[in-house]
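Taken straight from TrEMBL:
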DOMAIN    36-267  domain 'Aminoglycoside phosphotransferase'
BINDING   44, 61, 115, 116, 117, 250, 251, 252  ATP binding site
BINDING   233, 340  substrate binding site
Ligand code: SR1
Ligand code: MG
């Protein structure tokens, strides 16, 4: 469905969202509708509208002109709603099974109307409850492999790729990541947010020249490598899951960037969950990391060998080089994400939800040591086993 310019922007209320759903003909006449605003993320409003008789529902997601997590003092482009709906449609052309259906979008209202996924659970919430979602890594590995390959110069015509990359130029949302993931946590910046007890550990990070140099190299990659179309914010809060289904949502940060970035963010959020669990319950998280990488590498390699349109694709050694760099970068990006979710602006419930203070501080100190080692030693990890080893060595 195309994007329609129709209305002047105003933030929706539950009543207005319901009226809009009726106007769009999303429900039968006279349906008894109930609408609730359920957005618990950092940026947007999310309306869940359900017909009480049929139990059929839809989601209307609306971007606010500011970052909800901070307030109106942090203005934010509404264009991210167009990026999000276009990214969902682009991903759907390669992996429809892993994204919600988009029914309608309206650029001027900054809304995306999409499939109700309430049969599933946000993966972060489920993981915190101790669920394991056995197919999560298989599905995410396939999602990343296919979207990365088909949007790269190896899976897509060079002219088409440039046009697609242009349509996903996303400077304001990228700036959030550049600041909050790659910069602020490594400096004494006022966006940082951590318990006073962590200050000595944080100051050690801020005075670590080796770490700062490696974080700078990773930021430079993020700034300059327009390799593949990324989701751009692939943490476990951007994934709905059940025992047999997985859906990736919220690609408002989508842009052309380094192939290892989505992998790294996903790995990091699995590690953040592992940090919140007792040792004996961590294995499923490490297994997910192994499987994500194995599935990604195997599907990406198969596509490269069978579907590549680039003359150099068959050159011995090139695929290995691409995979090797994707892995090293993913390890480094994971380290940055672990650190920023611990001391930066946007935390995760996995760590903040540890009720007992000493246990929470211990997990956060572990996170800082783990994140640092992943960044500075990323070239030395020869496989996903390295995550287990570094995790144990930094305990
Ligand atoms: C101001 S936005 C903070 C964070 O929320 C989003 O989900 C991204 O992860 C961003 O860094
Ligand atoms: Mg989000």
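Every residue gets a Cβ built from N, Cα and C, even glycine.
Projection of TrEMBL feature records onto the structure.
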{"residue": "44", "record": "ATP binding site", "Cβ neighbours (10 Å)": "21"}
{"residue": "61", "record": "ATP binding site", "Cβ neighbours (10 Å)": "24"}
{"residue": "115", "record": "ATP binding site", "Cβ neighbours (10 Å)": "17"}
{"residue": "116", "record": "ATP binding site", "Cβ neighbours (10 Å)": "16"}
{"residue": "117", "record": "ATP binding site", "Cβ neighbours (10 Å)": "20"}
{"residue": "233", "record": "substrate binding site", "Cβ neighbours (10 Å)": "23"}
{"residue": "250", "record": "ATP binding site", "Cβ neighbours (10 Å)": "24"}
{"residue": "251", "record": "ATP binding site", "Cβ neighbours (10 Å)": "28"}
{"residue": "252", "record": "ATP binding site", "Cβ neighbours (10 Å)": "28"}
{"residue": "340", "record": "substrate binding site", "Cβ neighbours (10 Å)": "26"}
Where the C-beta lies under 6 angstroms from ligand 1, the matching binding-site residues among 44, 116, 117, 340: none
Rounded mean pLDDT for the residues that make up the domain 'Aminoglycoside phosphotransferase' (36-267): 97
Reduced DSSP assignment, residue 251 (ATP binding site): helix
Cα within 10 Å of residue 233 (substrate binding site) - qualifying binding-site residues among 115, 250, 252: 250, 252
Residue 233 (substrate binding site) in three-state DSSP notation: coil
Annotated binding-site residues 115, 116, 117, 233, 250, 340, filtered by Cβ under 6 Å to ligand 2: 233, 250
Spatial separation of residue 340 (substrate binding site) from residue 252 (ATP binding site) - C-alpha basis, Å: 19
Inter-residue C-alpha distance, residue 117 (ATP binding site) and residue 340 (substrate binding site) (nearest angstrom): 29
Rounded to the nearest Å - Cα separation of residue 44 (ATP binding site) and residue 340 (substrate binding site): 21
Greatest inter-residue Cα distance in Å for the ATP-binding set 44, 61, 115, 116, 117, 250, 251, 252: 18
